[in-house]
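What TrEMBL says about this protein:
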- A:77, A:78, A:143, A:173: [4Fe-4S] cluster binding site (BINDING)
- A:77-186: domain 'NADH:ubiquinone oxidoreductase-like 20kDa subunit' (DOMAIN)
């Protein structure tokens, strides 16, 4: 049986381009102000003196921070340092996070490594939204904090906090793997201070 | 690799295509845009010149006008040539495309179109390359003002 010619595609190339352009332009218009860094975990009131809850919290936090799986998100030169961190010399596997997931649904941490352009930003936001809670975001490099050397450019997002809330910023252009490891350990510290049972019970 | 003499090439082009279409001194070869596609085909097909490889197409904004720069190589004759094409009209600049002659000009002409807004008439697929549809203006022009924060 002959395969039927599908004929004209539903959308022409230029229609797809125009649709993409409309998405990017509306995203640009909506994301001009910085999203504040999540800080509600700092100075949270102490838990009710409940030995069960505090113990469960500790266990959950311990298990979370020793298997923090990052989603693959290398955008530019910082990604090379991120790969180097994952390779044998610096060995991110010591922290139980050598599994860079290709799917956001299996990841807890997003290491945004590199220069983010407005054309890419809607899809970064989509991948962030697809990650299950709890999730953490690590902005790697000067582009992540402010746009870096591309600040003021026509196409580069000046700081990732315009798009997603950022937990830890790593300065450097690009940062050394030691700096990335330090930032990952800061995320570990942050996880240890969270109280997942409080969140679940809504106290 | 030998550089072709600009003045000799200009003389050859003038002999074939008429006066006023090419000018040269010892530093540059300037070709007027109206018959650019024919001249490009001549440069490629002439057995002595045989400039069969287009290395790059780029543009300069002089604030009042543009200049396109084409860098040509001949892989068989082992020589090269750089030619300039002035584009005087700033409101709706247009030049003939050389993509039918050198296929490699495709993406480079799209890049110039994207960032400078120079239209290449005869290009088979002239649309934005790096930026998205609906981006306002042409960012590598000197009078472009950045938007956003």
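Each residue, glycine too, has its Cβ placed from N, Cα and C.
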Other C-beta atoms that fall within 10 angstroms of the C-beta of residue A:78 ([4Fe-4S] cluster binding site): 27
Residue among the binding-site residues A:77, A:143, A:173 whose Cβ has the most other Cβ atoms within 10 Å: A:143
Residues within 8 Å of the A:77, A:78, A:143, A:173 Cβ centre (excluding the [4Fe-4S] cluster site residues themselves): A:76, A:113, A:114, A:115, A:140, A:141, A:142, A:144, A:148, A:172, A:174, A:175
Residue distribution over DSSP helix, strand and coil in the domain 'NADH:ubiquinone oxidoreductase-like 20kDa subunit' (A:77-186): 47 helix, 16 strand, 47 coil
